[in-house]
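A.B. asks: Below you will find the structure I want to go over with you.
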Amino acid sequence: MIKQYLQVTKPGIIFGNLISVIGGFLLASKGSIDYSLFLATLVGVSLVVASGCVYNNFIDRDIDKKMERTKNRVLVKGLISPKLSLVYATVLGIAGFALLYFGANPLAMWLAVMGFVVYVGVYSLYMKRNSVYGTLIGSLSGAAPPVIGYCAVSGQFDAGALILLAIFSLWQMPHSYAIAIFRFKDYQAANIPVLPVVKGISVAKNHITVYIIAFMVATLMLTLVGYAGYKYLVVASAVSVWWLGMALSGYKTQNDRVWARKLFVFSIVAITALSVMMSIDFMTPASKDLLTYIG
């Protein structure tokens, strides 16, 4: 039973988000780490993400059973009752928000609330099923964790937080479109209006290329504005150029599914590399904050 309760929280997604939280947190810490704050932020975000994933599993159980990738999920197979899953999700969310509020700061909690509302209320409940722009809206919630990690330390939403939001939002787009291409039949069977299904794979390839170029620019801004050093810049540039090269190779590929899977895998390598580099090659910018939270 414990295994099912763990599975429904999507541990892989939680782990991936924690990497970005750590990146944002350590970027803002600039070598001076408050370990109790660090722990509270990691656990708090983990609980909120877990809550969102359980709610998502509850909402998506009707379409999950139509997809090969998701047909064996806990709620689809009835291993946990829908009502119990809602209670579980609610408890996880309340615990996570409370921990961020009292263990970090109110700004971190409110950022988590906004990310949660976008993911569960806007994306999962409506946009995913009804709009080709669902991925774009969902990317905002996917970018929340590193911003929460950053603001847990800084206590303010400044240019650094805005750049992180841009980097991780833009990264989500080619990452998600790649999944939609190599899982094309799944999304088609479930009638989910993702771009590759609605507009075609060739159009999706164009969007992937444009978003990766925008991602390249956003990653460079951390150094150009003064938040990260030149070691980060070198890695960010190399990763972005390689990812763009992979995207461009898609125009000549004979097998879109294989190409998209490779692009997806490298997207994870890319964002992990950036998270690690911003954690260790940080700087203090001369510019001041855009928006300061006053508690």
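Even glycines carry a Cβ here, placed using N, Cα and C.
Keep in mind that what you see is a predicted model, and the values were worked out from it rather than measured.
As listed in Swiss-Prot for this protein:
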| type | residues | note |
| --- | --- | --- |
| TRANSMEM | 8-28 | transmembrane segment |
| TRANSMEM | 35-55 | transmembrane segment |
| TRANSMEM | 84-104 | transmembrane segment |
| TRANSMEM | 107-127 | transmembrane segment |
| TRANSMEM | 132-152 | transmembrane segment |
| TRANSMEM | 162-182 | transmembrane segment |
| TRANSMEM | 208-228 | transmembrane segment |
| TRANSMEM | 229-249 | transmembrane segment |
| TRANSMEM | 263-283 | transmembrane segment |
A.B. asks: Under 8 angstroms for C-beta pairs, at least 3 of them, ignoring pairs fewer than 6 apart in sequence. Is the transmembrane segment (8-28) in contact with the transmembrane segment (107-127) by that rule?
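C.D. replies: As far as Cβ distances go (cut-off 8 Å, pairs 6 or more apart), the transmembrane segment (8-28) and the transmembrane segment (107-127) do not touch.
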A.B. asks: Name the range, of those listed as 35-55, 162-182, 208-228, 229-249, 263-283, that has the largest tally of Cβ pairs under 8 Å with the transmembrane segment (107-127).
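C.D. replies: The listed stretch sharing the most Cβ pairs with the transmembrane segment (107-127) is 35-55.
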A.B. asks: Between the transmembrane segment (132-152) and the transmembrane segment (229-249), are there at least three Cβ pairs closer than 8 Å, leaving out pairs fewer than 6 positions apart?
C.D. replies: no
A.B. asks: Could you check whether the transmembrane segment (162-182) packs against the transmembrane segment (84-104) - three or more CB pairs closer than 8 Å, residues at least 6 apart in sequence?
C.D. replies: no
